[in-house]
């Protein structure tokens, strides 16, 4: 059975990769030429200098010729497609793993296999197998004709679609499950081979002998393990040395299967008028095993003398007539009936219904008279009864039977060898399923109509002299079935050991599972040596289980999971209306795939719920591993299409209205700067982003390059790659956007305006402080920074400015102690309290405690303010230490701005907590922020000092104190009606207090006042912020976006 890169794996993870479904997915025909300009063409002639489409060779067509240099003509492309010797761009990307070896590829010969040889017969060979010959009669005897018919119908209805893709994560997980299923199938076939060998061909070859009847099962299992290991070694050696001979003998093995099935039907026909002679012996209604006696009678006549038989000796203490015998043996008579009454016997009525057995129970014939024993009388296991070897129930039988309908993907695996795969795969597969389903359904009915029920429930044929039960029905001889089933199981085992390593090799070469890459290597001719070794080791696990009935449900789980996800892929592709999903099969509908998926999922739990959970856990672990370590390829999968549809739906929902305060979180636009080598200058900014976001919400990392798009596009791509690598290293989950603009100012403005999509937009801007803003050559930097502050204010965006960002901790660092200090001078919507809460969720800041400092004026009640603030934090469910710092009004009068509350208003809010803390039905709303003053206060340019330092402010202050006016208290933000002296005095006094209280803090969060409305005072504003944050290691200036971001309700 052919398997490899062009076979199974694409049907699982990347769509059917073979010629059939691969060609159905081609939509974009890249127009390429074999040679542009002069030079020999494929035909040996020199190409003309003029354009082949218009006959023009003028310089105006140079661009067109350059494009033609990279694209072939349609005629040559279609010729290659027709012979499957060339692939367009989409398929070439699909095949990059195989084409990057660099060596010359051998020319691909045109495939010649048709539907019958390429799909139909391989599917028959893989579907018919060990279960049909060894277990189907037992299943019919236990479940009855009606339940067996339902079982066969359900299993045969799990028809998968023609192919699809769920992405490399799902593809790798399901592909490995399919590999494990194929490997355990090999173990099942080998166990079936050993069972036929030891039970029906050469019983004397058993190494382990049972001393009594109770030990026969254990001895049989040990024999299976020993011989199974030997057969596995031999088969693996054959596959390693001469796999070509395995493929050559595939038709011989298939011939054995077909011949055996024909022999069964011939036997059924013959039994209608001449039933075979296979008598079975019953003691009462109990079935006896023929191994220990020859005559089905208690006594026999020899001459004129009555003598006891060998059966008497098995139940009595001696061969004499006065011997002590088993009570049940004494009370009941021995009768002999035909085991194969034939199709005309009317036996079908007796076998319609189920007869489930528990382990150790004697197989009994229904409707047969019997004198029973008292309840609780033990049964001697050494008596020659036919016992049930396991407890049976419907779900168990489904798990044992299902492997008999696997193998329907054999045609898809050979898609690269087919003449017309689009036609052959669905046609051949459906015909094979129809044929095998008809055989299985008819076999269920015919077995129930021809074979006695106790014989059907006799798994190993002990009642019919140890013959294979299905063989007793065959014509001309039971040996036809025995030998045919032996060779068919041998062939199926070899096929599994041939296909499974190639499947593993194909998955390994895809590179989606990194730790499996070693199994992608093999011999010089491509044979998967290492994959074969691993396959043999996994197969040995099934051999050590040693029971065919235990191994069958295991591989059922893996195959069912494979078929379920392939059906899911087809349904998803159809529902998403993927343009490249165009199945050729005219009767296909997505409901068929959905029904098949549902049946597969149901059968998984019907067969064995704990095996189903284990299989799904294995697939889930593989999925998460591939998602974490692999999946570097893009296969155009259906999950991506599903994600796009879900994203579109979610974006439209976000457009319905702004988020509620309860759902508000900082959606960051992080502005980073790159150097000449397109590397991020301050990577700590992304570390802080990771600590603040913890992978939640939206993060956009943006950067601006100066220049034009045409000239600087390569640099922008390198910058994006560099930023993405850093984002991955810092575990920042988000998007990267690099803008090329004529100047940095406009580029930043474009990012702020156009970042995000629809309702998924940033609400917070994170930027670093311009460290060298005082340098003359860097004068434009601080101007851009102030304009950034103004634009975020105009756009109602919050702003976070990190000062001394190089001192911020990286993700590997840990603070074992310390504090995060919040200086709540004015109300900003709650950002100052929300940010430390988010940071402390990260392991870097987890052990830091939170302290909140608020400033009180001399006429405020500091004790009451502290109590009110503590109550407020309690309602917010934020744990923090509270401290009220008293300052003179003249020291802080310059720290109010147009969108914050004055001190009296903020104090009033805290006092009002007494009135509102019991009103839980209503969300706490802070009083409306002060409105922006109308117009601009233009200062006289001659009186404006462009640069103010701490020394200058101190010198001016010594000249005399300035009176405090109400205008000065309310309006520092606009830098209007206040002197530079008072502004610097405010910065100095606040800085002294902050440094005194928070010198040892790990991080200080501080209200950020807005810039002056009069742009002539911009430099003074920068100096004010510089002085305000002096002597502090890590500072984050926070400016709210004009809305409440924190609430007491969850």
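Even glycines carry a Cβ here, placed using N, Cα and C.
TrEMBL assigns the feature transmembrane segment to one of the listed ranges (363-387, 588-612, 613-637), namely 588-612.
Annotated range for transmembrane segment in TrEMBL, selecting from 324-346, 554-576, 646-668: 554-576. Feature annotation (TrEMBL): of 285-305, 390-410, 495-515, the stretch labelled transmembrane segment is 390-410. Per TrEMBL, the range carrying the annotation transmembrane segment out of 79-105, 430-456, 673-699 is 430-456. When the ranges 207-225, 530-548, 701-719, 720-738 are checked against TrEMBL, the one recorded as transmembrane segment is 530-548. Note on the domain 'SLC12A transporter C-terminal' (683-801): DSSP counts are 61 helix, 26 strand, 32 coil.
Looking at 114-134, 140-161, 173-206, 250-269, 554-576, the range that has the most CB pairs within less than 8 A of the transmembrane segment (476-494) turns out to be 250-269. Sequence-distant contacts of the transmembrane segment (114-134), counting only residues of its own chain at least 6 positions beyond either end whose CB sits under 8 Å from a CB of the stretch, comprise 1, 188-189, 192-193, 195-196, 250-251, 253-254, 257-258, 260-261, 400-401, 403-408, 410-411, 413-414, 417-420, 423-425, 427-429, 431-433, 435-436, 439-440, 443, 468, 470, 481, 484-485, 488-489, 491-492, 495, 548, 552. Using the rule of three or more Cβ pairs under 8 Å, pairs at least 6 apart in sequence, the transmembrane segment (390-410) is not in contact with the transmembrane segment (250-269).
Here the transmembrane segment (226-243) has Cβ contacts under 8 Å with residues 186-187, 190-191, 193-194, 197-198, 205, 207-208, 490, 493-494, 497-498, 501, 527, 529, 532, 535-536, 539-540, 543, 546 of the same chain, all six or more residues outside its ends. Here the transmembrane segment (588-612) has Cβ contacts under 8 Å with residues 154-155, 157-162, 394-396, 398-399, 402, 553-554, 556-557, 560-561, 563-565, 567-568, 570-571, 574-575 of the same chain, all six or more residues outside its ends.
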